[in-house]
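Working notes, beginning with the structure itself.
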Number of protein chains: 2
Amino acid sequence: MMTTAVSGINVLTDGCVTSPNGYSAGGVHCGIRRKKLDLGWIFSATPASSAGVYTTNRFQAAPLSITKESIAVEQKLQAVLVNSGVANACTGEQGLIDARWMRSAFARLLGIKEHLAGVASTGLIGPELPVSKIEKGLIKFGEPESHGADLFETAIQTTDTSQKRAAVQFEADGKKITVGGAAKGSGMIHPNMATMLGFITTDADVSGQDLQKALREAVNRSFNMITVDGDSSTNDMVLIMANGKAGNSPLTEEHPDWETFTQALEKICTMLARQIARDGEGAARLIETTVTGAATEEAAGKVAKAVISSNLVKTAVFGTDPNWGRIVCAVGYSGEPVEPEKISVKLGHIPLFKNGVPLPFDEIEGIAYLNQETVSIFVDLGQGEAEATAWGCDLTYDYIKINASYRT
Amino acid sequence: MMTTAVSGINVLTDGCVTSPNGYSAGGVHCGIRRKKLDLGWIFSATPASSAGVYTTNRFQAAPLSITKESIAVEQKLQAVLVNSGVANACTGEQGLIDARWMRSAFARLLGIKEHLAGVASTGLIGPELPVSKIEKGLIKFGEPESHGADLFETAIQTTDTSQKRAAVQFEADGKKITVGGAAKGSGMIHPNMATMLGFITTDADVSGQDLQKALREAVNRSFNMITVDGDSSTNDMVLIMANGKAGNSPLTEEHPDWETFTQALEKICTMLARQIARDGEGAARLIETTVTGAATEEAAGKVAKAVISSNLVKTAVFGTDPNWGRIVCAVGYSGEPVEPEKISVKLGHIPLFKNGVPLPFDEIEGIAYLNQETVSIFVDLGQGEAEATAWGCDLTYDYIKINASYRT
């Protein structure tokens with residue numbers, strides 16, 4: 001089952017949110033969407049330490065407020081309910097009433113305390129939550145064919161074309177610890193959260209407070225480093241649950257395995273984030289931009305995001321055009337005090353630009369490189385030691401097609 | 001000849017850079033581009049007070065440095081030479097040598113001092129300036145043509161599909177004063193200057209210092225309020241020349257007609273900026289977003305630009321989808337401390353969203369409205385009295401087509 005080993009962290013082939021001990025998941029069709037599954041859930045056998053990271057959009061959707069309320073009580077969740085099709089965003093007071101109802105109906109069904117349930121929604125902004133449909137969907141949760149991470153991953157999709165899942169394992173205190181995850185997100189994806197939901201589960205024993213810190217850091221280096229179209233949405237949220245079933249002594253910053261845990265968490269978040277970027281609306285290619293030689297990690301991140309967000313870079317990659325001019329142009333307007341004469345750019349292994357001056361290169365080789373499914377752009381700023389990586393996708397005819405007719 | 005009167009400012013039908021007294025212009029084919037004209041010039045009969053506003057991109061193209069150098073000497077220019085096809089950007093030391101050569105060859109031809117000539121380039125980033133082609137083009141400059149401005153407007157185009165020109169008239173000291181302009185720009189257009197060149201001429205008598213102040217303000221409210229794709233380029237520049245041929249007493253901030261002058265200048269800049277936004281690469285529609293009720297003009301501008309820059313808003317307009325959710329989402333991530341419950345949105349005359357809650361509206365009417373050539377979006381923040389307007393365009397299949405194959 002185990003493959004790529006990264007410093008004691010093993011990626012599980014086909015791992016998912018139910019890979020860690022003590023979690024189940026599922027999804028049903030409740031009728032918000034025409035045919036696709038549209039209501040999913042994750043359940044932990046016992047209450048789990050929890051933490052969340054939320055959109056920075058000023059229009060924060062109702063389910064985010066309600067989930068925050070839940071976690072605030074004792075930094076724990078036992079279950080999460082997610083619907084797709086309707087975002088319950090920009091719905092005013094009624095939106096809060098509906099999200100609260102959703103939480104309470106779900107908690108009642110499971111027989112758990114209300115504040116141990118979280119809720120999430122994704123889909124069209126504006127319409128009110130179709131509560132009667134969700135009510136009908138909840139009844140189906142008992143049926144055996146409603147169970148499985150696979151169904152959960154499907155139920156949370158909107159314009160996604162693929163399921164997003166990952167899991168890794170490592171050891172702490174001689175116990176095997178697993179971290180799993182699921183995510184959705186395709187359009188409206190941009191740094192600082194987007195229409196993007198991420199759910200991480202682990203059987204590690206970690207306090208809610210430590211979990212919050214570790215999650216924030218992992219999200220900053222993964223989900224916050226992807227962009228599809230620059231639009232940060234109202235509904236983005238990444239939640240983590242840690243139920244302690246692995247039996248390790250609680251992981252804290254003092255624990256010798258703390259760093260392995262945070263690395264495992266970052267690994268899961270990065271794996272999911274890359275899957276989201278690759279599935280960007282209409283995308284044909286994943287673009288990975290690594291910026292090195294920056295004065296600070298923040299500066300490196302800002303430059304990497306500027307490149308990955310450029311519509312001109314995105315269309316050049318779609319057109320397999322090794323147009324480094326658009327890359328350096330984006331570096332130049334990133335807002336960071338870069339120094340042109342110190343900047344170098346590579347496309348994969350091909351040097352295009354060195355210390356502010358273009359290099360001769362084999363155009364055919366450049367085009368061939370861009371024809372791959374994953375395109376790596378390397379930018380060195382020549383100013384320091386810090387680095388960061390951001391992920392995005394090319395901009396294609398299909399992006400226009402999907403978004404010029406989303407509602408119809 | 002005169003049409004729309006705006007508080008003593010009259011728009012000249014078909015006015016252009018040669019509408020003010022004492023200016024001539026022209027354009028030739030020198031061979032940088034296959035067939036299109038690619039070398040244009042503006043000439044003032046006498047040295048004119050001059051000012052410029054330049055891109056904020058850290059990779060500032062060589063011709064901008066050289067033009068700045070010229071203006072710095074005595075805040076005057078008498079002529080400007082512009083080539084299209086090659087941007088002379090990211091060309092290191094050689095780029096500066098070439099731009100300086102271009103200026104000197106042009107000044108020699110005209111028999112003027114070198115520092116009275118300005119140069120500008122637009123086109124592909126990276127390649128060196130083909131100086132021998134420009135040299136050959138300069139030889140053709142001999143014969144003055146009656147349609148000079150027309151040739152100039154054509155020679156400065158790259159992916160533009162239309163010429164951009166405007167002129168207005170007003171009176172100062174009982175003298176008729178004319179302000180004219182030409183511009184190019186189609187892609188890589190974003191606030192804070194883009195691959196966008198603007199040339200303003202006037203026969204008013206104004207000092208270089210006062211001109212600089214007036215130009216900066218006019219540019220902030222016009223060229224800096226448009227976006228096509230969020231990419232600020234290396235070559236953007238707006239230049240103004242004022243040759244005093246109108247015979248007015250010098251316009252200064254104390255002059256009773258100073259405000260009329262600055263309004264006329266803002267009018268010209270806005271007319272040209274709108275033409276650029278409308279001609280955005282692949283654009284089918286001009287989108288105009290006005291934000292009112294802001295605490296400051298800066299805040300209003302930031303929100304208006306966020307809306308106009310959103311790929312999701314742009315594709316919704318292309319798809320004639322009255323999707324107000326994408327508009328409020330962009331308002332929410334603009335970075336300004338907006339308060340959702342105070343925000344209202346209108347599409348033209350159709351209210352869609354009031355005080356944070358969606359309104360019922362006639363979908364058919366919304367679609368019909370979006371089918372117009374100019375689409376106006378109004379956002380009220382309910383926080384103050386300040387307002388700002390930004391211009392952009394829809395995002396279409398043709399944008400992808402143009403930019404996925406710019407070089408081939």
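Glycine residues also receive a Cβ, built from the backbone N, Cα and C atoms like all the rest.
Worth saying up front: this structure is predicted, and the values here are computed from it rather than measured.
Taken from TrEMBL, the feature active site, nucleophile applies to B:Thr195.
Neighbour count (other Cβ atoms within 10 Å of the Cβ, all protein chains): 22 for B:Thr158 (substrate binding site). According to TrEMBL, the substrate binding site annotation covers B:Thr158, B:Lys184, B:Thr195, B:Glu281, B:Asn403, B:Thr408.
Each of the binding-site residues B:Thr158, B:Lys184, B:Glu281, B:Asn403 was checked for a CB under 8 angstroms from a CB of chain A; the ones meeting this are B:Asn403. Its Cβ taken as reference, B:Glu281 (substrate binding site) is surrounded by 28 other Cβ atoms within 10 Å in the chains shown. The Cβ neighbour count for B:Asn403 (substrate binding site), using a 10 Å radius over every protein chain in view, is 27. With a 10 A radius on its CB, B:Lys184 (substrate binding site) counts 29 other CB atoms from all the protein chains.
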